[in-house]
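**Q** This is the structure I want to talk about, given as C-alpha cells.
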Amino acid sequence: ERERERERERERGMTGEVAKVMEPVSNHKELVDFEAPQKRPKRNKFAIACASLASMTSILLGYDIGVMSGAVLYIKKDWHLSDVQIEVLTGILNLYCLFGSAAAGRTSDMIGRRYTIVIAGAIFFAAPLLM
C-alpha cells in the first residue's frame, strides 16, 4: 500500500514533505473558531482639526509668498525701490518664518504641541482675512 502511494507521488512529482503538506485537511470550523467583528476606532476630531490647520498654514504661506511676488512689481513702481530693496522686502517673509519657528518652540514647551499648532493655524488663518 505504501509503495503504491510513493509511486503515485513520484508520478505527480511530489516527494517527502511536499506530499505531507498536500494531504487533505478538514476545513470544518465551529462557531467558536470565528472572532467577533472589531469595532471601528473613533476618529479623533481634535487631531483632524490640528492636521487641517497645519496644512492650511502651509497653503497660506505659499499664498502669501505668491501674492508678495506679484505685488512687488507695483510696490517697486510706487515706492521707487531698487532691486536690492525689493529682494530684502521679499526675503523678509522667510526671516519672519524663522522668528515664528523660534516662538513656536517656546510656546510648544509651555502649552504643548497640539495647542501650538492650533494657535499657529488660527493666526495664519485669520491673518489673510484681515488683509
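Even glycines carry a Cβ here, placed using N, Cα and C.
Just so you know, TrEMBL annotations are computer predictions that nobody has curated.
Annotation source TrEMBL lists domain 'Major facilitator superfamily (MFS) profile' at 50-131. Look at TrEMBL and you will find 46-74, 86-105, 112-130 tagged as transmembrane segment.
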**Q** Average the per-residue pLDDT over the domain 'Major facilitator superfamily (MFS) profile' (50-131) and send me the rounded value.
**A** 84
**Q** What parts of the chain pack near the transmembrane segment (112-130), using Cβ distances under 8 Å and only residues at least 6 beyond its ends?
**A** 46, 49-50, 52-54, 56-57, 60-61, 63-64, 100, 104
**Q** Per DSSP, how many helix, strand and coil residues does the domain 'Major facilitator superfamily (MFS) profile' (50-131) have?
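**A** Secondary-structure breakdown of the domain 'Major facilitator superfamily (MFS) profile' (50-131): 77 helix, 0 strand, 5 coil.
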